[in-house]
Amino acid sequence: MMLSSSSLLHLSLPPKALFSCPVSFPSLLKFKGNLRHGVALLPAMCIPGPTRDTEKSEDAENMPVSSSSSSSSPSNISTYNWCVGLGGLGFLETAYLTYLKLSNSDPFCPIGAGSCSDVLNSDYAVVFGVPLPLIGMTAYGVILLLGLKLGGWNMPLKINQSDGRLLLLPVSASMAVASAYFLYILATRLEGASCSYCLASATLSFSLFFIILKDFGLQELQKVVTLPLCTAAIVLGILSTSYSALPPILPRSEAMDLTYYTTEIISASSPFAISLAKHLKSTGAKMYGAFWCSHCQEQKEMFGREAMQLLDYVECFPDGVKKGIKMVSACSDVGIEGFPTWLINGEVISGEKTLEELAEISGFNYDKVNQPN
(Lines of atoms letter the chains of each structure in order from A and count residues from 1; the text may use other names and numbers.)
(Lines give C-alpha, C1' and ligand atoms only; values in the text may rest on other atoms or scores of the structure.)
Protein backbone atom coordinates (compact mmCIF):
# COMPACT_ATOMS: atom_id res chain seq x y z
CA MET A 1 0.00 0.00 0.00
CA MET A 2 1.46 3.38 -1.05
CA LEU A 3 1.10 6.52 1.05
CA SER A 4 0.94 9.94 -0.54
CA SER A 5 2.95 12.86 0.68
CA SER A 6 -0.15 14.52 2.16
CA SER A 7 -1.02 11.36 3.99
CA LEU A 8 2.50 11.12 5.33
CA LEU A 9 2.34 14.74 6.44
CA HIS A 10 -0.96 14.10 8.14
CA LEU A 11 0.45 11.13 9.97
CA SER A 12 3.49 13.06 11.13
CA LEU A 13 1.31 15.56 13.04
CA PRO A 14 0.92 14.58 16.73
CA PRO A 15 -2.61 13.62 17.58
CA LYS A 16 -4.34 15.13 20.55
CA ALA A 17 -3.47 13.27 23.73
CA LEU A 18 -6.34 11.20 24.95
CA PHE A 19 -4.66 10.32 28.25
CA SER A 20 -1.92 11.90 30.24
CA CYS A 21 1.30 9.93 30.47
CA PRO A 22 4.16 10.47 32.83
CA VAL A 23 6.58 9.41 30.05
CA SER A 24 5.90 9.15 26.25
CA PHE A 25 7.78 6.88 23.92
CA PRO A 26 7.41 7.47 20.15
CA SER A 27 6.71 4.49 18.01
CA LEU A 28 8.92 4.03 15.06
CA LEU A 29 6.86 3.13 12.02
CA LYS A 30 8.78 2.01 8.97
CA PHE A 31 7.14 2.11 5.60
CA LYS A 32 8.58 0.43 2.61
CA GLY A 33 7.51 1.53 -0.83
CA ASN A 34 8.53 3.98 -3.42
CA LEU A 35 9.65 6.40 -0.78
CA ARG A 36 13.35 6.45 -0.48
CA HIS A 37 13.22 6.93 3.17
CA GLY A 38 9.78 5.65 4.07
CA VAL A 39 10.09 6.30 7.74
CA ALA A 40 7.61 8.25 9.85
CA LEU A 41 7.80 8.97 13.56
CA LEU A 42 4.45 8.79 15.25
CA PRO A 43 3.96 9.57 18.94
CA ALA A 44 2.51 6.47 20.49
CA MET A 45 -0.91 6.89 21.97
CA CYS A 46 -0.78 6.17 25.70
CA ILE A 47 -2.58 3.14 26.95
CA PRO A 48 -5.15 4.31 29.45
CA GLY A 49 -3.36 4.24 32.81
CA PRO A 50 -3.26 6.03 36.12
CA THR A 51 -2.42 9.66 36.33
CA ARG A 52 -0.21 11.08 39.05
CA ASP A 53 -3.20 11.81 41.28
CA THR A 54 -4.64 8.37 40.63
CA GLU A 55 -1.34 6.76 41.59
CA LYS A 56 -1.39 8.62 44.88
CA SER A 57 -4.92 7.40 45.57
CA GLU A 58 -3.91 3.80 44.86
CA ASP A 59 -0.88 4.13 47.12
CA ALA A 60 -3.12 5.43 49.87
CA GLU A 61 -5.51 2.51 49.36
CA ASN A 62 -2.67 0.01 49.52
CA MET A 63 -1.36 1.46 52.78
CA PRO A 64 -2.56 -0.32 55.96
CA VAL A 65 -5.34 1.49 57.76
CA SER A 66 -4.13 2.87 61.07
CA SER A 67 -6.42 3.73 63.94
CA SER A 68 -6.00 4.57 67.58
CA SER A 69 -7.21 1.11 68.49
CA SER A 70 -4.84 -0.79 66.21
CA SER A 71 -2.45 -2.98 68.09
CA SER A 72 0.23 -2.40 65.45
CA SER A 73 0.33 1.33 66.10
CA PRO A 74 3.74 2.27 67.57
CA SER A 75 2.14 4.74 69.98
CA ASN A 76 -0.24 2.08 71.31
CA ILE A 77 2.53 -0.48 71.68
CA SER A 78 4.51 2.06 73.68
CA THR A 79 1.45 2.79 75.85
CA TYR A 80 0.91 -0.88 76.59
CA ASN A 81 4.58 -1.36 77.44
CA TRP A 82 4.28 1.46 79.96
CA CYS A 83 1.17 -0.19 81.39
CA VAL A 84 3.07 -3.44 81.83
CA GLY A 85 6.10 -1.77 83.41
CA LEU A 86 4.36 0.66 85.76
CA GLY A 87 1.52 -1.75 86.50
CA GLY A 88 4.02 -4.45 87.41
CA LEU A 89 5.89 -2.14 89.80
CA GLY A 90 2.65 -1.08 91.46
CA PHE A 91 1.50 -4.68 91.77
CA LEU A 92 4.73 -5.71 93.52
CA GLU A 93 4.59 -2.74 95.91
CA THR A 94 0.95 -3.28 96.90
CA ALA A 95 1.46 -7.05 97.18
CA TYR A 96 4.24 -6.39 99.69
CA LEU A 97 2.04 -3.98 101.66
CA THR A 98 -0.87 -6.45 101.56
CA TYR A 99 1.36 -9.13 103.08
CA LEU A 100 2.46 -6.72 105.83
CA LYS A 101 -1.13 -5.68 106.53
CA LEU A 102 -2.44 -9.24 106.76
CA SER A 103 0.52 -10.45 108.81
CA ASN A 104 0.51 -7.36 111.08
CA SER A 105 4.20 -6.74 110.31
CA ASP A 106 6.10 -3.47 110.20
CA PRO A 107 7.21 -2.27 106.76
CA PHE A 108 10.74 -1.23 105.85
CA CYS A 109 10.46 2.52 105.48
CA PRO A 110 13.64 4.37 104.36
CA ILE A 111 11.91 7.74 104.83
CA GLY A 112 9.69 8.52 107.78
CA ALA A 113 10.69 5.56 109.95
CA GLY A 114 7.65 4.63 112.05
CA SER A 115 5.26 6.77 110.03
CA CYS A 116 4.83 4.03 107.43
CA SER A 117 3.68 1.63 110.15
CA ASP A 118 1.34 4.23 111.60
CA VAL A 119 -0.30 4.80 108.22
CA LEU A 120 -0.47 1.09 107.35
CA ASN A 121 -2.04 0.26 110.72
CA SER A 122 -4.49 3.15 110.72
CA ASP A 123 -8.22 3.15 109.99
CA TYR A 124 -7.41 4.79 106.68
CA ALA A 125 -5.68 1.62 105.47
CA VAL A 126 -9.05 -0.14 105.37
CA VAL A 127 -12.07 0.63 103.17
CA PHE A 128 -15.25 -0.96 104.52
CA GLY A 129 -13.23 -3.77 106.07
CA VAL A 130 -11.09 -4.46 102.97
CA PRO A 131 -7.36 -3.71 103.28
CA LEU A 132 -6.45 -0.77 101.07
CA PRO A 133 -3.23 -2.40 99.73
CA LEU A 134 -5.33 -5.36 98.53
CA ILE A 135 -7.58 -3.01 96.55
CA GLY A 136 -4.51 -1.32 95.05
CA MET A 137 -2.97 -4.68 94.16
CA THR A 138 -6.15 -5.64 92.30
CA ALA A 139 -6.19 -2.37 90.34
CA TYR A 140 -2.53 -2.63 89.36
CA GLY A 141 -3.11 -6.27 88.42
CA VAL A 142 -5.89 -5.27 86.02
CA ILE A 143 -3.63 -2.66 84.38
CA LEU A 144 -0.81 -5.21 84.10
CA LEU A 145 -2.99 -7.91 82.52
CA LEU A 146 -4.61 -5.51 80.06
CA GLY A 147 -1.20 -4.15 79.07
CA LEU A 148 0.05 -7.65 78.35
CA LYS A 149 -3.09 -8.59 76.43
CA LEU A 150 -3.20 -5.45 74.30
CA GLY A 151 0.56 -5.55 73.77
CA GLY A 152 0.32 -8.88 71.96
CA TRP A 153 1.00 -11.35 74.75
CA ASN A 154 -0.97 -14.56 74.74
CA MET A 155 -3.11 -13.96 77.81
CA PRO A 156 -6.24 -15.95 78.76
CA LEU A 157 -8.45 -12.86 78.72
CA LYS A 158 -11.67 -12.95 76.71
CA ILE A 159 -11.70 -9.29 75.78
CA ASN A 160 -11.19 -7.69 72.40
CA GLN A 161 -8.74 -4.95 71.57
CA SER A 162 -11.26 -2.10 71.57
CA ASP A 163 -12.96 -3.00 74.86
CA GLY A 164 -9.65 -3.69 76.59
CA ARG A 165 -8.25 -0.35 75.55
CA LEU A 166 -11.43 1.41 76.67
CA LEU A 167 -11.28 -0.32 80.07
CA LEU A 168 -7.82 1.10 80.76
CA LEU A 169 -9.18 4.64 80.93
CA PRO A 170 -11.71 4.33 83.83
CA VAL A 171 -9.41 2.03 85.82
CA SER A 172 -6.47 4.43 85.61
CA ALA A 173 -8.73 7.44 86.28
CA SER A 174 -10.09 5.79 89.43
CA MET A 175 -6.57 5.01 90.63
CA ALA A 176 -5.45 8.60 90.06
CA VAL A 177 -8.46 10.05 91.92
CA ALA A 178 -7.98 7.61 94.80
CA SER A 179 -4.28 8.51 95.06
CA ALA A 180 -5.09 12.22 95.13
CA TYR A 181 -7.63 11.63 97.89
CA PHE A 182 -5.13 9.58 99.92
CA LEU A 183 -2.57 12.37 99.66
CA TYR A 184 -5.22 14.75 100.98
CA ILE A 185 -5.92 12.38 103.90
CA LEU A 186 -2.20 12.06 104.59
CA ALA A 187 -1.83 15.84 104.80
CA THR A 188 -5.00 16.66 106.76
CA ARG A 189 -6.02 13.63 108.82
CA LEU A 190 -2.67 11.93 109.45
CA GLU A 191 -0.73 15.04 110.31
CA GLY A 192 2.97 14.54 110.81
CA ALA A 193 3.05 11.19 108.99
CA SER A 194 5.18 10.57 105.93
CA CYS A 195 4.76 7.44 103.82
CA SER A 196 7.19 6.74 100.99
CA TYR A 197 5.01 3.88 99.74
CA CYS A 198 2.02 6.21 99.48
CA LEU A 199 4.01 8.72 97.44
CA ALA A 200 5.44 6.00 95.19
CA SER A 201 2.00 4.56 94.52
CA ALA A 202 0.58 8.00 93.78
CA THR A 203 3.38 8.67 91.29
CA LEU A 204 2.69 5.36 89.52
CA SER A 205 -1.07 6.01 89.41
CA PHE A 206 -0.74 9.53 88.02
CA SER A 207 1.81 8.39 85.43
CA LEU A 208 -0.42 5.55 84.23
CA PHE A 209 -3.43 7.85 83.93
CA PHE A 210 -1.66 10.52 81.87
CA ILE A 211 0.05 7.95 79.61
CA ILE A 212 -3.26 6.21 78.89
CA LEU A 213 -5.06 9.54 78.50
CA LYS A 214 -2.49 10.68 75.94
CA ASP A 215 -3.24 7.60 73.83
CA PHE A 216 -6.80 8.82 73.28
CA GLY A 217 -7.25 11.60 70.78
CA LEU A 218 -9.31 14.65 71.69
CA GLN A 219 -12.26 13.67 69.50
CA GLU A 220 -12.26 10.11 70.77
CA LEU A 221 -11.89 11.26 74.37
CA GLN A 222 -14.98 13.47 74.06
CA LYS A 223 -17.04 10.39 73.18
CA VAL A 224 -15.92 8.31 76.19
CA VAL A 225 -15.19 10.96 78.84
CA THR A 226 -18.40 10.14 80.73
CA LEU A 227 -17.14 6.66 81.65
CA PRO A 228 -13.96 7.66 83.56
CA LEU A 229 -15.71 10.63 85.19
CA CYS A 230 -18.54 8.47 86.54
CA THR A 231 -16.14 5.77 87.74
CA ALA A 232 -13.90 8.29 89.49
CA ALA A 233 -16.94 9.92 91.15
CA ILE A 234 -18.11 6.54 92.48
CA VAL A 235 -14.65 5.75 93.89
CA LEU A 236 -14.43 9.18 95.52
CA GLY A 237 -17.87 8.75 97.07
CA ILE A 238 -16.97 5.33 98.50
CA LEU A 239 -13.76 6.62 100.06
CA SER A 240 -15.43 9.73 101.50
CA THR A 241 -18.18 7.64 103.06
CA SER A 242 -15.71 5.18 104.54
CA TYR A 243 -13.43 7.86 106.04
CA SER A 244 -15.93 10.57 107.00
CA ALA A 245 -16.31 9.57 110.67
CA LEU A 246 -12.71 8.57 111.36
CA PRO A 247 -10.63 10.78 113.69
CA PRO A 248 -6.96 11.64 113.16
CA ILE A 249 -4.75 9.04 114.81
CA LEU A 250 -1.38 10.74 114.91
CA PRO A 251 -0.19 13.78 116.84
CA ARG A 252 1.20 16.73 114.97
CA SER A 253 4.70 16.54 113.59
CA GLU A 254 6.12 18.80 116.27
CA ALA A 255 4.68 16.52 118.99
CA MET A 256 6.05 13.22 117.74
CA ASP A 257 8.47 13.03 120.68
CA LEU A 258 6.20 13.13 123.74
CA THR A 259 6.71 12.21 127.35
CA TYR A 260 3.77 10.44 128.95
CA TYR A 261 1.43 12.69 130.91
CA THR A 262 -1.99 12.36 132.52
CA THR A 263 -5.00 14.57 131.91
CA GLU A 264 -7.55 15.33 134.58
CA ILE A 265 -11.18 14.44 133.92
CA ILE A 266 -13.31 17.47 134.82
CA SER A 267 -16.89 16.32 134.34
CA ALA A 268 -18.87 14.42 136.94
CA SER A 269 -20.49 11.12 136.06
CA SER A 270 -24.24 10.76 135.59
CA PRO A 271 -26.11 7.77 137.04
CA PHE A 272 -26.53 6.44 133.52
CA ALA A 273 -22.76 6.67 132.86
CA ILE A 274 -21.94 4.90 136.12
CA SER A 275 -24.42 2.09 135.41
CA LEU A 276 -23.08 1.70 131.87
CA ALA A 277 -19.48 1.58 133.12
CA LYS A 278 -20.40 -1.15 135.59
CA HIS A 279 -22.13 -3.11 132.83
CA LEU A 280 -19.15 -2.78 130.47
CA LYS A 281 -16.79 -3.87 133.24
CA SER A 282 -18.91 -6.93 134.03
CA THR A 283 -18.99 -8.05 130.38
CA GLY A 284 -15.21 -7.75 129.97
CA ALA A 285 -15.34 -4.70 127.69
CA LYS A 286 -12.21 -2.57 127.41
CA MET A 287 -11.37 0.89 126.17
CA TYR A 288 -7.99 1.40 124.47
CA GLY A 289 -6.57 4.89 124.17
CA ALA A 290 -3.50 7.10 124.00
CA PHE A 291 -2.63 9.93 126.36
CA TRP A 292 -2.12 12.41 123.51
CA CYS A 293 -5.42 11.56 121.76
CA SER A 294 -7.99 14.37 122.05
CA HIS A 295 -10.84 12.04 121.08
CA CYS A 296 -9.86 9.69 123.90
CA GLN A 297 -10.06 12.58 126.35
CA GLU A 298 -13.49 13.54 125.00
CA GLN A 299 -14.64 9.93 125.42
CA LYS A 300 -13.46 9.96 129.04
CA GLU A 301 -15.30 13.23 129.72
CA MET A 302 -18.52 11.62 128.45
CA PHE A 303 -18.27 9.04 131.24
CA GLY A 304 -16.95 11.41 133.88
CA ARG A 305 -14.55 10.91 136.78
CA GLU A 306 -16.45 8.26 138.76
CA ALA A 307 -17.41 6.12 135.75
CA MET A 308 -13.89 6.14 134.30
CA GLN A 309 -12.59 4.67 137.54
CA LEU A 310 -14.91 1.72 136.96
CA LEU A 311 -14.05 1.19 133.31
CA ASP A 312 -11.29 -1.14 132.18
CA TYR A 313 -9.08 1.38 130.36
CA VAL A 314 -5.81 0.40 128.63
CA GLU A 315 -3.17 3.06 127.85
CA CYS A 316 -1.34 2.04 124.68
CA PHE A 317 1.65 4.38 125.10
CA PRO A 318 2.54 4.34 128.83
CA ASP A 319 6.21 5.08 127.99
CA GLY A 320 5.47 8.07 125.80
CA VAL A 321 5.76 8.56 122.04
CA LYS A 322 9.15 8.65 120.40
CA LYS A 323 11.19 6.84 117.79
CA GLY A 324 11.67 3.19 118.67
CA ILE A 325 8.76 2.98 121.11
CA LYS A 326 5.76 0.97 119.99
CA MET A 327 2.32 0.32 121.41
CA VAL A 328 2.17 -2.14 124.27
CA SER A 329 1.35 -5.70 123.26
CA ALA A 330 -2.04 -5.52 124.95
CA CYS A 331 -3.03 -2.98 122.26
CA SER A 332 -1.14 -4.35 119.26
CA ASP A 333 -2.52 -7.86 119.84
CA VAL A 334 -6.05 -6.52 119.46
CA GLY A 335 -5.16 -5.00 116.08
CA ILE A 336 -5.91 -1.40 116.99
CA GLU A 337 -6.06 0.96 114.01
CA GLY A 338 -7.10 4.19 115.74
CA PHE A 339 -8.02 5.76 119.07
CA PRO A 340 -10.14 5.37 120.98
CA THR A 341 -10.91 1.69 120.34
CA TRP A 342 -13.45 -0.43 122.18
CA LEU A 343 -13.44 -4.19 122.63
CA ILE A 344 -17.03 -5.21 123.39
CA ASN A 345 -18.28 -8.80 123.27
CA GLY A 346 -15.23 -9.77 121.24
CA GLU A 347 -15.84 -7.06 118.61
CA VAL A 348 -13.21 -4.38 117.94
CA ILE A 349 -14.91 -0.99 117.43
CA SER A 350 -12.86 2.05 116.41
CA GLY A 351 -13.71 5.68 117.04
CA GLU A 352 -15.38 7.82 119.66
CA LYS A 353 -18.89 6.61 120.60
CA THR A 354 -21.74 8.18 122.54
CA LEU A 355 -22.94 6.53 125.73
CA GLU A 356 -26.17 5.54 124.01
CA GLU A 357 -24.25 3.85 121.18
CA LEU A 358 -22.10 1.94 123.67
CA ALA A 359 -25.22 0.86 125.57
CA GLU A 360 -26.81 -0.44 122.37
CA ILE A 361 -23.66 -2.23 121.22
CA SER A 362 -23.14 -3.90 124.61
CA GLY A 363 -26.80 -4.73 125.12
CA PHE A 364 -27.25 -2.50 128.17
CA ASN A 365 -30.82 -1.54 129.18
CA TYR A 366 -30.73 1.23 131.76
CA ASP A 367 -34.47 1.18 132.47
CA LYS A 368 -34.42 -2.55 133.13
CA VAL A 369 -31.43 -2.30 135.45
CA ASN A 370 -32.94 0.55 137.48
CA GLN A 371 -36.55 -0.58 137.65
CA PRO A 372 -37.87 -1.04 141.24
CA ASN A 373 -37.97 -4.55 142.64
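Along the chain as shown, the residues are counted starting at 1.
Glycine is treated like the rest: Cβ placed from N, Cα and C.
Where the annotation comes from TrEMBL, it is an automatic prediction and has not been curated.
According to TrEMBL, the features are:
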type	residues	note
COMPBIAS	66-75	compositional bias 'Low complexity'
DOMAIN	76-216	domain 'Vitamin K epoxide reductase'
REGION	50-76	region 'Disordered'
TRANSMEM	124-146	transmembrane segment
TRANSMEM	166-187	transmembrane segment
TRANSMEM	193-213	transmembrane segment
TRANSMEM	225-246	transmembrane segment
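Residues of the domain 'Vitamin K epoxide reductase' (76-216) grouped by DSSP class, helix first, strand second and coil last, total 104 helix, 4 strand, 33 coil. Within the model, the domain 'Vitamin K epoxide reductase' (76-216) carries an average pLDDT of 86.
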